[in-house]
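**Q** Pasting a structure below so you can have a look.
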Amino acid sequence: MSPLATTIILSSLATGTIITASSYHWMMAWIGLEMNTLAIIPIISQEHHPRATEAATKYFLTQATASALILFSSSLNAWKTGTWDITQMTNPAANTLLIAALALKLGLAPMHFWLPEVLQGATMKTALIISTWQKLAPMALMFLTVNNLSTTILLTTGTASALIGGWAGLNQTQTRKIMAYSSIAHLGWMVTIATTLTNMMTTALTMYLLMTTTMFSALILSKSKTIQNTATSWTMSPTLIIMMTLALLSLGGLPPLSGFLPKWLILEELITQNFIPTAITIAMSSLLSLFFYLRLTYTAALTTSPNTIQTKHKWRLKPNTSSITLSLTIPMTTMMLPLSPLIMN
């Protein structure tokens, strides 16, 4: 893809998200989502490969369906109430449709099936964009409308996503699919807390974006597409493997790493609000996620694969990819727990 085309597409991608996040009229929000979707399609399909074309088609169909549901939901609300204001979603049927649309946009259970398949068909960098930037616009809409949405449906969707994200990830060997199920589980946590404390949802989203960016950057640098690939990554950079291990443990939510912060605060708030069964269920589901993070950690850091003399000295070679993103995100992924008093106040 030419530099001009890349610039136009990435600018459209950013503009679409910003328009959606900053609008209060449903039509403007919908236009932003459409711009965003149309910009990401060429990025997914730029690899001339059947898997990339399939991933782009699946992504287009699911996002187009979600956009149509958002338009239908907002039209229904405007018909019943006479307003297109995003914050005035008072019609119950329109709200239920909106939850379905946002679940489809984000890849929340039970509408999560497209996400692992699309990530597997895309390149690592594209998978990073889909897992991080593409979540911002739907989460902004959820943030604006959450006061009117059904608490029961949101809690059920969130709990189901946390469970499925942990359960389905156990059987995966491809790192992109593991990251997809990790994304589903983390979004489940965010949606669960959205009903009671929106600023905690924002904190969890920020931490998720940082941890996912770190993890994908490490996978891109080590060229690890499967669990098996991670076993030989230490020959390229032992330091990178230490960073990847810390990022994985942070994603799993282990103290004293940053990933523990949102999980701790979310569980605390759910128990305060007396959502005890939900708190127990999502806490147990995080153990499932932790298992496959630990499995990746084990293969990357604690196993020595059979190597020739040449591969043992790969770390002497200068890497041809930039590690600036990893350098910026790894401190925040590992050392933000001491900032928890600032966030809690």
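The backbone N, Cα and C atoms fix where each Cβ goes, and this holds for glycine too.
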**Q** Among 52-71, 132-151, 152-171, indicate the range for which TrEMBL gives the feature transmembrane segment.
**A** 152-171
**Q** Considering only Cβ pairs within less than 8 angstroms, which of the stretches 96-115, 178-197, 203-222, 324-344 has the most against the transmembrane segment (275-294)?
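**A** Between the stretches 96-115, 178-197, 203-222, 324-344, 178-197 has the largest tally.
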**Q** The transmembrane segment (203-222): which same-chain residues, six or more beyond its ends, come within Cβ distance under 8 Å?
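**A** For the transmembrane segment (203-222), the nonlocal Cβ contacts are 124-125, 127-128, 131-132, 135, 139, 175, 179, 182-183, 186-187, 189-190, 193, 229-230, 233, 236-237, 240-241, 243-244, 247-248, 250-251, 258-259, 261-262, 265-266, 319, 321, 323, 325-326, 329-330, 332-333, 336, 343.
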**Q** Within this structure, do the transmembrane segment (96-115) and the transmembrane segment (178-197) have 3 or more Cβ pairs under 8 angstroms, counting pairs 6 or more apart in sequence?
**A** yes
**Q** Taking residues 6+ outside the transmembrane segment (152-171), which of them lie with a CB under 8 Å of any CB in it?
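**A** Hits for the transmembrane segment (152-171): 96, 99, 103, 108-110, 112, 116, 146, 177-178, 181-195, 275, 278, 281-282, 285-289, 291-292.
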**Q** Looking only at the domain 'NADH dehydrogenase subunit 2 C-terminal' (290-344), what is the mean pLDDT?
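**A** Its mean pLDDT is 77.
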